[in-house]
Amino acid sequence: MNTFLIIDGMNLVRRMHAAQPNENDVNGLDIRVGSACKKLVKYHQPTHVAVVWDGDDISWRKHLFEDYKKGRKPMPEALSNTLPALKSYLAEQGVNSIDAASEADDVIATLASKLVANGGKAIIVSTDKGFTQLSDPYIQRWDHFNQHYMTIEEREEKLGVEHSQFIDYLALAGDSGNKIPGVPGIGPKSAIELLRTFRSLANIYASLDKIGAKQAKKLEAGKQMARLSYKLVQLQTDIPLNINLSQFRLPNPNA
């Protein structure tokens, strides 16, 4: 079975860089990132490995909702400037890159989903909670910084909803980190209670007559925001990749 180690490049690099006291200090970053990738390969023993990077194009999510990820601190210029050299260094170490047009998340989700559909296995190295929605047991998530697999049970316990309700939950409660609006007036606690009672976003909106008048009014007024938020949260798993897996095969996975 092909096992593809898919590394979320900016998730890894920005967190490693954030540990530096001076954001303009990128000395040795290539060696540290290269060492991290080498450890990941040694531990997981994949047949293929790639680092997927965000691109410069405006995300389709930003076109859909202008406030998407609004207010996020921009990447330090020194870090941005060193990325080409970092990618070259990783390639010299046998770890090739995939450059997304905009957000890497959809490329990662598509690659993982297509691998599994063709009998493979994917290990996504990222702490991004958005990958929680990828439910196939042959798609695993690895937290490099805490050195453990992030399980469905762990995420369910943290959110208070079932794995299958993850997107519905964020469509209702929103996500402040990504500026996903959710339904105004429906916070995490209310979203959990609604999903425990009605099981899904569709069922909630089909049962407004069974919900208290005040809450039903909020839900009705925020229906379009719920739909928008659902679209923003949902990962695309069918975008064109135009890659050849042989580019990312490791010559000796046991090395």
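Here, residue 1 is simply the first one shown, and the rest follow in order.
Just so you know, glycine gets a Cβ as well, placed from its N, Cα and C.
Per Swiss-Prot, the listed range annotated as region 'Interaction with DNA' is 185-190 (candidates: 173-178, 185-190).
Applying DSSP to the domain '5'-3' exonuclease' (162-253) sorts its residues as follows: 54 helix, 3 strand, 35 coil. The number of other Cβ atoms within 10 Å of the Cβ belonging to PRO181 (K(+) binding site), over all protein chains shown, comes to 19.
Sequence-remote contacts of a segment are chain residues at least 6 beyond its ends whose Cβ falls under 8 Å from one of its Cβ atoms, and for the region 'Interaction with DNA' (185-190) they are 160, 169, 172-173, 215, 218-219, 222. Across the region 'Interaction with DNA' (185-190), the prediction's mean pLDDT works out to 97. In this structure, the C-alpha atom of LEU172 (K(+) binding site) lies 21 angstrom from that of ASP105 (Mg(2+) binding site).
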